[in-house]
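Colleague: Before we start, here is the structure in question, set down as structure tokens.
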Amino acid sequence: MFDSLSDRLTQAFRKFSGQSQLDENNIQEGLREVRLALLEADVNFKVVKDFIDRVKERCLGQDVLKSLTPAQQVVKVVHDELVELLGGGTTELDLRGAQPGVIMMVGLQGSGKTTSSAKIANLLRKRKMRPYLVPVDVYRPAAIDQLVTLARQLDIPYYQSTPDMKPLDIVRAALADAKEKQCTAVLLDTAGRLHVDEALMDELAALKATFSPQEILFVADAMTGQDAVTVADAFNEKLGITGVVLTKMDGDARGGAALSIKSVTGASVKYVGIGEKLSDIEVFHPDRVAGRILGMGDMLTLIEKAQSTIEADEAEALTKKFQRASFDLEDFRTQMRRMKKLGSLEGILKMIPGMGALRDKLGQMSVPEKDMARIEAIISSMTMKERRNPDVINGSRRARIAKGSGTTVQEVNQLLRNFEQMREMMKRVMNMGKPGGGRMPRIPGMGGMGGMGGGMGGLGGLGGLGGLGGLGGGMPGMGGLPGMGGLPGGSSATKKKKQRDKKKRKKR
């Protein structure tokens, strides 16, 4: 999300480095690059023009801090204006009024309305609300079945409509059922079209007039860029949309829709879809997104994700295991799975301030993530007894585990050696901040990371993001995912340990 725009803006800000002060000439030159970056990101031309004018006026005005360098002044002004361009502040759903609250999902076919309806319902349930899903699309083949399947998957109540029913009758019956079940939020997955037409708008207008939904959310595919903004404007004129859901923001979308839609329609982006899983949806925070665009990271979102993956009592129990060095392979697999919920390592690095250069060196991180999948396959091929007590794994057991996981005995041996070494280091890791605790040793990195071992310190846990350039501080909710050695081939730390042991034996 916004990767190309972020890179272009970084290059544009370099125009201001080395300047002793800001004047009209160097501002004009630097903002020309900013303008091109926004236009290439498919931001609406009028929106870009107004944005650049405001930035220029503020940079030349008196509202900039004198203590900042010229480059910092420009970044600060651009950040503030980006926040305003993206909506100013976070806009939550407003379901006040008659209960249950009604949320009408509208948009073109293929924009992701059905999946977004289920995602938002799942999000509302996490906030202690009682959502109810209603399939109102009686035209698209299998549209009803799709929403019903998602509702069953999430264990969320739904209305079983049929293709021969009329939309008004469906919603009327669904609302009665939702009231009986004491649901607090009803999501209407309405029909879409391949393009805006009068029949579609008349049907949606009738639903709005009859049931007075508190929220009308326009769902748009972010990949369509300015087309999404144009269609949103058409829907807004007819229905008066209250918010926007942008889907597929994890793709190569240039970000123009997110940056233009508020200025053009007046409706704020409320949610963004960032993946295919039903949990892959985020509340849209303009200030955090502006920070990501300018390479400042987004630690708050990362911390919230981490907190949602583990309960406080689980984290405390895991910490005690670390301190006793009783961390076993079952715990390790659990932590790996939790880390997957945070997304790819590249995605995590995007949210950490100052990690852009390291992220570029790591590339797409495909090899380490494949190694993680292979490690999980090996651990999953073990019995519970073997995971809890790896010492019982003899030669025949290792052969069975290798066969079951589709790996080799050499890879199983390497995993067990590295895990034992990691467990020995555990107490030292936990005592890093205590007097006499010493520094954390270099834990072997994930295989395929090559020369990055020194910079990463291994995939050192998300409990403080220990391996990521020493960014300490402790992330709430995550116990930590210590790094495991590459498979196969052994780690440099293991080889060094063997060499030291060999020298000691010679001295004796």
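From the backbone N, Cα and C atoms, a Cβ is placed for every residue, glycine too.
From TrEMBL, here are the annotated features:
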DOMAIN    99-246  domain 'AAA+ ATPase'
BINDING   107-114, 189-193, 247-250  GTP binding site
COMPBIAS  479-489  compositional bias 'Gly residues'
REGION    479-508  region 'Disordered'
COMPBIAS  494-508  compositional bias 'Basic residues'
Colleague: Going by a 10 angstroms cut-off between Cβ atoms, which of the binding-site residues G107, G110 has the sparsest surroundings?
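Modeller: Minimum Cβ neighbour count within 10 Å, taken over the binding-site residues G107, G110, occurs at G110.
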Colleague: Near the Cβ of M249 (GTP binding site), how many other Cβ atoms are there if near means within 10 Å?
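Modeller: There are 25 such Cβ atoms around M249 (GTP binding site).
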Colleague: Using other CB atoms within 10 angstroms as the count, which residue among the binding-site residues K113, R193 scores least?
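Modeller: Sparsest of the binding-site residues K113, R193 by Cβ contacts within 10 Å: R193.
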Colleague: By the DSSP assignment reduced to helix, strand and coil, which category contains K113 (GTP binding site)?
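Modeller: Its secondary structure by DSSP: helix.
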Colleague: For T190 (GTP binding site), which DSSP three-state class applies?
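Modeller: Where T190 (GTP binding site) sits, the three-state DSSP reduction gives coil.
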Colleague: Please list residues from the chain of T190 (GTP binding site) whose Cβ is under 8 angstroms from its Cβ, counting only those at least six apart in sequence.
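Modeller: Residues satisfying the criterion: M104, M105, V106, K113, V136, D137, P167, E203, L204, L207.
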Colleague: How does the model score the domain 'AAA+ ATPase' (99-246) in terms of mean pLDDT?
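Modeller: Looking only at the domain 'AAA+ ATPase' (99-246), pLDDT averages out to 92.
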